[in-house]
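Here is the structure we will look at.
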């Protein structure tokens, strides 16, 4: 054993103390305002320890990453999709691909239970489950030429597990798109400023698309600078529109916005990629990275005080207005992205493994990027808890709970145990220049208010508050709309693939009638849930969000089951717990949540008991609040039936995948010879590159010895051999 | 900081940015194609960028971003 240097020990002791101090203050403070600095300290301290020790242990001891083994990027290098990419660049790519609206929405909703449960789950969850899932999936996909999760499930578990995984991905896509679209509807309804700014992103993207296609292909930077400038102009211009006679034209009711979104989703997904999707993708990615960086700086500079309670009464009573159900299991499915997100396994298998230089880099790319996303979730939680709790509940409780006037909302909030006057509610709306901020459910507006609070403390003061609010709304809506477009395409592709087995012409994915039909089906499916969510008298977000959470955690269960199976099949039974324990936890949480959603006697939680209550009332011709008429009653009955059935389907899929994986694992333990591993054969690597972001002393010496620059590159074999990786960096 | 160090930092940033935004994809493709055969027929930038975007059309799962 190599002895650690005294300075190393001192540094890590200090990091541990900082983290521990953060946790202690968060845990013992009650009834006083706590600075967000403690939350940041607890998060960063824990991340550092986890990255240095746990992730390293998994990479070196469990997975035994091999720096001498050539990665798919090195072996299959074609200069386009397979190519060894600098690790620092790839961290950026991977992070941009995994972080989206998810980590900004879930923590805001979970803040109804106070800041402590969310903080604990985001930090502990990412360390032991989320980041582990991302890294291990990345590793196994890397050893299989970048195969997707679905393919790995089929190859390594079997046809049944593979099919269940495929259905899970499709179902999740539909629910995800519906929930995200609902977030946008709730943020833009009745807001001419927001609606105008978002509408302007379409012509801006078309312009950029035309420029990149026809005028100067590939010049992303210049056109993106123009795009971002126009985007900022669109936000500023939104205020002018809202104050002008055009305001009415951009003040849209939720049901109108639903129709626009459905039309947009269909048209955008059948247009060529270059027109709308590709330029939008650039815009939303740059906005995302820029805003997240700004937010991190804002939080660190302002270090605001948390106004929410550490743990609210809703955590144990389970009757919260934002979403129903008690802390266990519902906090753990509400916060998916940021702690454990099944969706990431789709990015970790597929795109990223085709670009990694060295196996040793999976720690920084897989584990490190996920820690960054987790920190985004912590910042979202900070945004939701620095605002007044009374305002938080007025914004996040559906109209069925708090009514539609500031007076009724103030009254209802008092009933929740908090206080806010009608005048304060009016002033809060005025500060961000909205007509009303009541029942703006879905997380985005709350996040935007919190972010504008923090930003205006740093720059601009009160005068810029409305601008920052709409900036945040724009930034979330922009990448949600990009996801709506891209997700519809992915759903369509999967559907075309499935239909192709039945009807041959569908196999050709560019066959226009098939393409339009499949697009219409996918848009119709998420459009249905969006429509139902907007018209649900009980509130769309609190009905649909649990479904989204369950679906996402179901996908995580698939990924963790595949990882566990592979660990066992590759003779790592002793270490299988590193994914088996998170799998057990994930399965317990998800199955308990589905069980309660299906069988609970509490009509606020269980879909079917809710259905019973409303259909019995319907039989006797009664109208139960918050429904206002018989039509509303029918809506509740239909929605709760559909949601309940979906929940049951998700639970069934998890059970199928786990049982099938369990069968294969058992077989692998008993008769190892009968369960062959489908790993690509070892090829000696010629690339030399550091593992972490910063090269260590030994790595630097190795780079020099190999005759390549600081970027890493191929070991020169002959005098004229050009080091490929170095030429990318050396040409600067 | 000396001027030379500043220039070096700016160059590194430019390199990093072009890699991250994909602007250097064409140069990478050229370098790759030429490293095998210096006189290989290569696509023009226009053709290359078109092909790159249109590939996403064929399989939208490439480059999909998460929620």
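Glycine is treated like the rest: Cβ placed from N, Cα and C.
Given the structure is predicted, the values throughout are model-derived calculations rather than measurements.
According to TrEMBL, the protein carries these features:
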{"type": "DOMAIN", "residues": "A:36-593", "note": "domain 'CstA N-terminal'"}
{"type": "TRANSMEM", "residues": "A:37-54", "note": "transmembrane segment"}
{"type": "TRANSMEM", "residues": "A:95-114", "note": "transmembrane segment"}
{"type": "TRANSMEM", "residues": "A:120-142", "note": "transmembrane segment"}
{"type": "TRANSMEM", "residues": "A:163-187", "note": "transmembrane segment"}
{"type": "TRANSMEM", "residues": "A:223-242", "note": "transmembrane segment"}
{"type": "TRANSMEM", "residues": "A:257-278", "note": "transmembrane segment"}
{"type": "TRANSMEM", "residues": "A:285-303", "note": "transmembrane segment"}
{"type": "TRANSMEM", "residues": "A:323-343", "note": "transmembrane segment"}
{"type": "TRANSMEM", "residues": "A:364-387", "note": "transmembrane segment"}
{"type": "TRANSMEM", "residues": "A:514-532", "note": "transmembrane segment"}
{"type": "TRANSMEM", "residues": "A:544-568", "note": "transmembrane segment"}
{"type": "TRANSMEM", "residues": "A:642-661", "note": "transmembrane segment"}
{"type": "REGION", "residues": "A:707-732", "note": "region 'Disordered'"}
Rounded mean pLDDT for the residues that make up the domain 'CstA N-terminal' (A:36-593): 94
Other parts of the chain folded back onto the transmembrane segment (A:95-114), taken as Cβ under 8 Å at six or more residues beyond its ends: 121-122, 134, 180, 183, 285, 288-289, 292, 308-312, 314-315, 320-323, 327, 331, 334-338, 341, 343-344, 347, 351-352, 369-370, 372-374, 376-378, 380-381, 383-385, 392-393, 396, 442-444, 446-447, 476, 479-480, 483, 541, 545, 549, 552
Interface check, the transmembrane segment (A:514-532) with the transmembrane segment (A:163-187), three or more C-beta pairs under 8 A: yes
Contact between the transmembrane segment (A:120-142) and the transmembrane segment (A:37-54) (at least 3 Cβ pairs under 8 Å, separation 6+): yes
